[in-house]
């Protein structure tokens, strides 16, 4: 339903005041320093940290981030992952290569994230730019999940359409809350990294809880029943659209919507042509696409009683929950130790560790762990924890780098475009992984060549190291875009509000 990682996104717009040339720059800079110092002091106090974020922005914003990232993408996404795996395997009875392709298809709504971003930026509904889209996302997701749950003999095509619709609901909510984070990252640049951590911590903690109970739920009420329960997180997303504090803009000039679409498209194209933008974008796409996804082959092997360890539903859920704990550890490690390191150095080590950690699956499938006396269960738990932690350490700098490539005025839309590039890479890796499983004849009952798929995947994960020169040497505190892209142009400008209300309008007509 959500993108693996994808699912998971927020923005960092630091240093904007220095480039805007506003006369109020000095007071803002002083305020930013004070907020940053307070944030560092509260870093190890979670409740005070949450209170500080709510005071600086608004409680509804924090509630929206926790609901969309933590409950919908994290908790709901984790439950959906386990339930959908069993749904394709036990209800639809498809091959692992087909299931891999179907998971890629359900991620298509994440590929068109710029469309959702453009809609939230330039097409307000009833005077609001964000709230209606959160309401729509909640409705679409809840209806699709209930359809999967209540229909016993749903054709595979309609099941795929329902799952894709559910994924679209999560994607629309994700883009909308991303736009909110982007605007608040501009208004509160000193808290941009804290908002990044809030999004990722919410996602990781939600995933941990979701995976912990997913296997038990599938065992108790079947995969279809669990898919029906996912309508509850969508209902909460609907409630975010009701309570989110956003400035009402009456008398929207809808006749100018088309012109705004053209302006936004021109600005995105101009930004993408900048070498400082397209080079890291190319690296991000290749880095993700070359990491072939063969997770469905591993899942089928996990649950096989002949060739594999024959893990139960509860065991599968617990394994994934431990992986989420590793993901939380990766976020905390990045937030408190690594977030100030240069992008290129951090991505070098995370990419290398990603390749090496992939070899743990090879040890497991070849049963080498049993020869040294380590049970499959213990080894898989360690494997999943290490893999998720390394994956998070790789994903976090990519998110921060992406947020720093966004031009002022269409930050939500352009960040969605960058995330769609990343999700295209994930889709490529998923389909290529399915093709690899098919070519090696890995089926529901045949896993003799699964080790070869793991070996090929691990080797390909190291290939992006050869193009690491595309990533800038800068660190997160520096500016990645030219000054003219941070100050806007003659057609578009960002509107920043210096009041307590959370202003979420990210695209304003200059006239």
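Just so it is clear, glycine is given a Cβ too, placed from its N, Cα and C backbone atoms.
Taken from TrEMBL, the feature region 'Disordered' covers 1-30. Residues annotated as transmembrane segment in TrEMBL: 133-150, 156-177, 198-220, 226-244, 282-302, 314-334, 346-368.
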For the transmembrane segment (156-177): best-contacting stretch of 133-150, 198-220, 226-244, 282-302, by Cβ pairs under 8 Å: 133-150
Interface-richest range of 198-220, 226-244, 282-302, 314-334 toward the transmembrane segment (346-368), CB pairs under 8 Å: 282-302
Recorded stretch that, among 198-220, 226-244, 282-302, has the most CB pairs under 8 Å to the transmembrane segment (314-334): 198-220
Beyond the flanks of the transmembrane segment (133-150) by at least 6 residues, Cβ under 8 Å: 64, 68, 72, 87, 116, 119-120, 125, 159, 162-163, 165-166, 168-170, 172-173, 175-177, 224-225, 227-231, 233-242, 244
